[in-house]
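A.B. asks: Before anything else, here's the structure in question.
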Amino acid sequence: MSAQVMLEEMARKYAINAVKADKEGNAEEAITNYKKAIEVLAQLVSLYRDGSTAAIYEQMINEYKRRIEVLKELIPADGAGNGNGKHSQVSVDDLVMKEKPKVNFNDIVGLEDVKEALKEAIVYPTRRPDLFPLGWPRGILVYGPPGCGKTMIAAAVANEIDSYFIQVDAASVMSKWLGEAEKNVAKIFNSARELSKKDGKPVIIFIDEIDALLGTYNSENGGEVRVRNQFLKEMDGLQDKSENFKVYVIGATNKPWRLDEPFLRRFQKRIYIRLPDIEQRKSLLLHYTSKIKMDNVNIDELAKMTEGYTASDIKDIVQAAHIRVVKEMFDKKLEQPRAVNMEDFKEILKIRKPSVNSEVIKVYEAWHEKYKAL
């Protein structure tokens, strides 16, 4: 598994554990897990500061920190966990990304079908709403295995249409107070509509790991059902033709099967971000190897050898091959590293396997065939 994907999955695990404890009123355990998630996300920011998702990681860190402060107010001095601190009312200003995402469609290698689907659903209606008398999709679900660029594609859309970008997750909505979580959902959507109306700019509400917030689970309480119902109500409100708000909801998930059918119907576009095919792998390899010195590397052969690898995996393979020759330079006390050759890639592929199991891909394919909506 690639380092970035591994860290993202670790942060996600801690965040899910934090939200679970949060829902159960266990503030101390929630704080512990939010802090662990922050530590991992901070590592991601440090390692991938120049990456297109660094700003999103930082946004998540800030949201988890805010949630920790709220939870601390709920813990009395004796640590019993039943304090009467302030309610968890979401501040939408804190969820709006202050800086425009740096990534655009040109930065995304491959995924042409995905980009075209998003242009049809969001870019064209935003630029020429007069050409869409029947309206256009307001809900877009992007799904697929980790490491295939779901978060990056959402950020790129926001850049393409110069929109406000509101990032939402379970931590920003959660509350132990009865009725507060659904009020938070309503507040997010109301603020998005007000922003769009005031400035005439589109607004994207991006919900990462949407299954954690709105998926169906065996052990859930009435509050989670109410949040889902409120969300469905707000999604229906976006379709009101009497109000031409340019507000879109993009949900991203690695587990689309956690979402029930009434919820899926609100997402008129359901876009599967697959593992890269051979042409996309070739494009990815050309893109990443353009930054390093190479000698006698057959990109076509390498593209065949990397079948089953994610885009993130391929980046890590190129990085590992380059690190291999740098290590050799230090070991042999040379002045400069030699060029990376085909043998370097073959050696790396012996010790780096795809981060996504082929059996899991079959599950994605089966779900896609049943629910696809491009």
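Heads up, the Cβ atoms here are built off N, Cα and C, so glycines get one too.
Take a look at what Swiss-Prot says about it:
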type	residues	note
DOMAIN	11-73	domain 'MIT'
BINDING	G144, P145, P146, G147, C148, G149, K150, T151	ATP binding site
A.B. asks: List, in sequence order, the residues of the same chain other than G144, P145, P146, G147, C148, G149, K150, T151 whose Cβ lies within 8 Å of the centroid of the Cβ atoms of the recorded ATP site.
C.D. replies: N254, I273, T310, A311, S312
A.B. asks: For the domain 'MIT' (11-73), DSSP counts of helix, strand and coil?
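C.D. replies: Residue counts in helix, strand and coil order: 54 helix, 0 strand, 9 coil.
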A.B. asks: Report, as a single number, how many Cβ atoms besides its own are within 10 Å of the Cβ of G147 (ATP binding site).
C.D. replies: 27
A.B. asks: If you average the pLDDT over the domain 'MIT' (11-73), what number do you get?
C.D. replies: 82
A.B. asks: Just counting, how many other CB atoms are there within 10 A of the CB of P146 (ATP binding site)?
C.D. replies: 19
A.B. asks: Show which residues of the chain containing G149 (ATP binding site), separated from it by at least 6 in sequence, have their CB under 8 Å from its CB.
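C.D. replies: Spatial neighbours, sequence-distant, of G149 (ATP binding site): I108, L111, I273, A311, S312.
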